[in-house]
Amino acid sequence: MSDSQTLVVKLGTSVLTGGSRRLNRAHIVELVRQCAQLHAAGHRIVIVTSGAIAAGREHLGYPELPATIASKQLLAAVGQSRLIQLWEQLFSIYGIHVGQMLLTRADMEDRERFLNARDTLRALLDNNIVPVINENDAVATAEIKVGDNDNLSALAAILAGADKLLLLTDQKGLYTADPRRNPQAELIKDVYGIDDALRAIAGDSVSGLGTGGMSTKLQAADVACRAGIDTIIAAGSKPGVIGDVMEGISVGTLFHAQATPLENRKRWIFGAPPAGEITVDEGATAAILERGSSLLPKGIKSVTGNFSRGEVIRICNLEGRDIAHGVSRYNSDALRRIAGHHSQEIDAILGYEYGPVAVHRDDMITR
């Protein structure tokens, strides 16, 4: 076994249930055994788990509930405790303690809360405790949800300072086409950079019963790889898959980490779910992508959403393509007022100014 590494393992609903309506406990037992074996060898393991709603539905005897957010949150509230009890029970067989962390998008958007979550997660790891992470589905609304556990796992990998992120699913990896519809589809074993062609392939693929399909796994891989974290998509049903990944054995699709990873602050900017969105003109797009310039108010065409100064926002071109994420120097209302104006007009329009740029290049990361 190699020197100690930190591995984040994301377990989707399709892996935990085997495609059924209930948790597949026999399979979860095997996954815990693999993790415990690595833990005993000195590796640090983080679990990102789905399955709270499935656990709640099973515990309540599959009640007939309306298809509403309130119903899902009811099931999550019941299932969350059942789920953590299951992880606790199974890891205790090996003398391993677990610690639960429930996160929402707000924990990632706010830099101080992000750092606090990081410190908590690393304290658990430093004390040989296995963190079990899930989104706080019992209280999270659409506005504060990360949205899927694929992207949550990438953020967890950044928080943990992980070496590898393993996304376990019901497929062997990323294929050249959806293997369920195209028998000629081939497994892509290595990816050295994510481009629009790969995104198009992932957009046509599906992955099990959960919130995230292959497209969200690609998003997660992009975030993690740019933070210097190797990411693997593999089948959760493959025997010994977790150990194989830690040994460097070829499994599924390996997304190779960026050779020069982002600095810590830019990892947060890149990984934080955007609080809003602005659309910029062709001149601003070229300045950002080709010259690495800051974004000036003059180049802003429209502002979407309500956000505060200091929050991370998405920057899109006129075609709607996501070209960058950055920390806004002004809130959404102020940006709407100064959009299309020259920087020297800011003070006259607002009665104050926080500098001539809307998003500074030091607070921006291109996609």
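Using the three backbone atoms N, Cα and C, a Cβ is placed for every residue, glycine included.
Note that the structure is predicted; figures quoted are calculated from it, not measured.
Straight from Swiss-Prot, the features:
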{"type": "BINDING", "residues": "Lys10, Thr169, Asp170, Thr211, Gly212, Gly213, Met214, Ser215, Thr216, Lys217", "note": "ATP binding site"}
{"type": "BINDING", "residues": "Ser50, Asp137, Asn149", "note": "substrate binding site"}
{"type": "DOMAIN", "residues": "275-353", "note": "domain 'PUA'"}
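Note: the CA-CA distance between Met214 (ATP binding site) and Ser50 (substrate binding site) rounds to 16 Å. Listed in sequence order, the binding-site residues near Ser50 (substrate binding site) (C-alpha within 10 Å of its C-alpha) are Lys10, out of Lys10, Asp170, Thr216. Note on the domain 'PUA' (275-353): its mean pLDDT in the predicted model is 96. Taking only the Cα positions, the spacing between Asp170 (ATP binding site) and Asn149 (substrate binding site) is 15 angstrom.
Secondary structure by DSSP for the domain 'PUA' (275-353): 28 helix, 21 strand, 30 coil.
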